[in-house]
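Copied over from TrEMBL, here are the features:
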- 1-20: compositional bias 'Acidic residues' (COMPBIAS)
- 57-149: domain 'GmrSD restriction endonucleases N-terminal' (DOMAIN)
- 1-27: region 'Disordered' (REGION)
């Protein structure tokens with residue numbers, strides 16, 4: 001390479017008792033106790049009206065967006081079906097909340113499971129989706145909407161007073177929230193990237209910190225649009241850190257390998273932290289500087305390009321000037337787009353870009 005100079009709940013609850021033996025197995029010369037350790041505090045089952053939940057969303061006492069949550073992925077048709085199920089008294093699975101008390105004594109809830117259902121209710125009551133009940137019926141007229149048929153006031157009142165079952169846990173740690181989310185989602189078709197976001201450990205924490213930084217005005221926001229749907233941003237950054245950590249092994253950062261790597265219980269070393277920080281520093285500087293950012297412009301940077309550009313910056317950040325690194329970004333993008341029509345993260349494209357680097 002040459003350069004110019006310039007992203008299902010099992011019952012774990014049994015109260016606050018000590019470890020409880022579940023069974024005693026006799027074998028020749030040994031007896032074993034099976035225990036559950038640790039246990040969560042038993043949750044409580046409560047019900048709230050639709051109106052009450054809606055109000056909690058708007059007074060910021062119910063959070064739908066903890067980091068491990070997926071995006072809103074239900075299409076309007078599925079959201080409409082949920083509303084009709086509520087109106088016609090069909091079963092709706094319970095919502096799951098983590099409850100805590102703020103320093104001001106205010107009760108706060110975090111939605112561990114039920115974001116899609118609550119988002120559907122919110123969108124219906126805000127006038128973004130309708131109910132099909134022998135026609136299209138809206139909860140509200142909506143700004144500038146004059147031809148809508150509104151839900152009759154009796155049905156509207158009945159809907160807002162519908163009771164929704166909720167399961168609430170008190171005083172969960174953040175890791176316990178994630179573990180409940182992970183278990184609940186075992187039966188849900190999450191994307192691979194969304195599954196990765198639910199993993200606990202020092203490596204996932206590092207990646208979330210980078211994601212927060214890059215999503216801010218001092219990062220890439222407003223400078224470089226990149227994959228952030230359904231956990232794509234977390235996946236990209238996990239691949240970047242994986243390559244910085246293990247890149248010399250030439251191991252492809254597949255979802256399986258990333259999941260195993262994220263799940264290890266090792267602490268992030270100071271060396272890895274420094275390498276990641278300095279790489280992100282340079283990436284942000286390149287993307288923010290008008291004189292150096294041209295190679296990041298159209299066409300939009302694909303996820304695999306983002307990962308390999310960041311890895312290239314890690315490898316050469318101490319050897320090349322900022323102008324040379326900018327030229328290198330231009331060269332690697334032109335090279336892969338000359339060799340492939342579709343720039344997707346697969347073995348062929350990855351190996352091609354790795355060879356260039």
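Positions of Cβ are set from backbone N, Cα and C atoms, glycine also.
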Would you mind splitting the domain 'GmrSD restriction endonucleases N-terminal' (57-149) into helix, strand and coil residue counts from DSSP?
25 helix, 21 strand, 47 coil
Which whole number is the mean pLDDT over the domain 'GmrSD restriction endonucleases N-terminal' (57-149)?
89
